[in-house]
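According to TrEMBL, the feature transmembrane segment maps to A:12-31, A:62-81, A:93-112, A:138-157, A:186-207, A:219-248, A:255-274.
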Amino acid sequence: MGIVLFDGVAYGMLLFLIAVGLSITLGLMNFVNLAHGAFAMAGGYAAAVAMNRYGWSFFPALALSFVVAALVGGLLELLLYRRLYRSHPLDQVLLSIGLVFVSIASFTYFFGPSMQPFTLPPLLTGQVALAGMEVGRYRLFLVVCGVVVLGGLLLLLNKTRFGAMVRAAVDNQRVARGTGIPVQRLFFATFVLGCGLAGLGGALSLGMLGLEPTFPLKYLVLFLIVVCVGGAGTVVGPFVAALVVGVVDVAGKYYLPEAGAFLIYVFMVVTLLLRPHGLIPRKGL
Amino acid sequence: MHPISLSPRRLPLAEAAFWLLLASGYFLLPEHLTLLSQILIMGLFAVSLDMALGYAGILTVGHAAFFGMGAYAAGLWAKHAWAEPFSGLLLALLVCAALGYLLSYLVVRGADLTRLMITIGVCMLLSELANRLVHITGGTDGLQGIAMAPVFGLFEFDLYGKTGFVYTFAMVLLVFCVARRILRSPFGLALRGIHDSSKRMQAIGSPVAARLRMAYCFSAAIAGLAGALMAQSTQFVGIESLGINRSAEILIILVLGGAGRLYGGLLGAIVYMVVHDWFADLNPEYWMFWIGCFLIAVVMLGGGGLMGLLARLVKVEKAR
């Protein structure tokens, strides 16, 4: 029971890491970005290649995954996303589906269709005793990462000038622009940050979900569920939703394997029925 | 460049020419009748999506749920109950209309994002269900062993797809005419109004939510009928007919043709299916790459797909 809960939480943390950037684009910038998983994949592949081909160790590769995904995100924001902030959601859906297709095809072309090989660093292998349970070190590491990122984001958004400007821009873009806040640049920075976090999540998912070219499509719905159920545009919402989704999914697979992915979808539909705007609707952040 | 002008009285002629051209495929391309039938069916499916998305503005990425539901309904009906084709169509229509009406209460409320998620969720739920209920749906092997009785008890479904084509053509034309009638009625105009500004429509007293629910229900029914036609003409229902990939595909077809324009879905289906058929031998990854580039280009350039292009080339004069 305890270990199922813990594994679910670890899984949820991973989902949170990847999805929190999506929550920013979806909720703050009102951009339906279905290609978010592609940024996670870009970061994950960067880490995998750095480790497998160039012999980097795990932690520098993690940093690299953040940087690469942020760079890719920044480039695409300048080239494509920026022009569609005010257009119809359908256009945004199509653009991002197009990006997903292109990324799947290109990654298959360059890296082959199979899963990226990955060996855990010795520091993170094995198990450690915690509160009377034998928990995997890697999972524990994921939980620590998730909590650190959550804390960092909350501090950044609630205690810094940058965060204050973002909150102002979210509450009312026009007024924020009127007071001289550079909304465009701010959005660029937030988008890049979100992509970087996704890349980090992608690299961390090497050891848990595995990374293959179809990653952005395979887990897309999961990320979207986390964001929508949690409440797009918040940080705490996706955190709570990711934990619930992680626990429901792992517990479902453990106790009710024949139900498969059902539980998650039923959970989502029921939650959105009761709370169409998510568990924690946006009120600032 | 001067656009060719077309008087509104000539418009029915152009429409008739379009359908005659499609019908002439029976004589001109006798080896490709199966493909032609599938193009027609996908075209009808795209038109049904257009009703919900292009006209009513309901953002849905799960429309394959209805297509697949209709296909399974018709397939199971033919396999276990009665192989007569028209009854299967009617059953699929009713089942999907009912499902669509029930789901419309979920879909119409909430913002675009919630709608998107609910439609995806329902689609995934149904495809998971079809995957699990192996003893009913055949699971990943698909529903096999559908043997259709002859149309009107006279015309057998043959190997070359001749009967299949005529039957599909007639049904698609009929349903398209009904859809055209619906979309050109005051109800269709109200949908357009809601698409442009739902607040304004509410202000002039239009029952916005009820209208959207009806549009979603009609759209679901037509999608189910298209699915049923697919099941009957191929005598097989694959699990992928329900999946999210099929939903994405039909969205691409509609956007390629031009959303919110009556013939957009049909035109998109013709071009997409023919190109897909050409590329079929090619590596599917390349196909994905090009379709992705195409989508990005369409969004960046704008202009409403093929119908948008056509509308710039051919201007219809204002009726007086």
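Placement of Cβ uses the backbone N, Cα and C atoms for every residue, glycine included.
When Cβ distances are compared across the two stretches, the transmembrane segment (A:186-207) makes contact with the transmembrane segment (A:12-31), since 3 or more pairs at least 6 residues apart fall below 8 angstroms. Long-range contacts of the transmembrane segment (A:138-157) within its own chain (CB-CB distance under 8 A, at least 6 residues past either end) are made by residues 6-7, 9-10, 12-14, 16-17, 20, 120, 124-125, 128, 130, 163, 166-167, 197, 200, 204, 207-208, 235-236, 239, 285. Below 8 angstroms of C-beta separation, residues 4, 222, 225, 228-229, 244-245, 248-249 of the same chain, each at least six residues beyond the ends of the transmembrane segment (A:255-274), sit close to that stretch.
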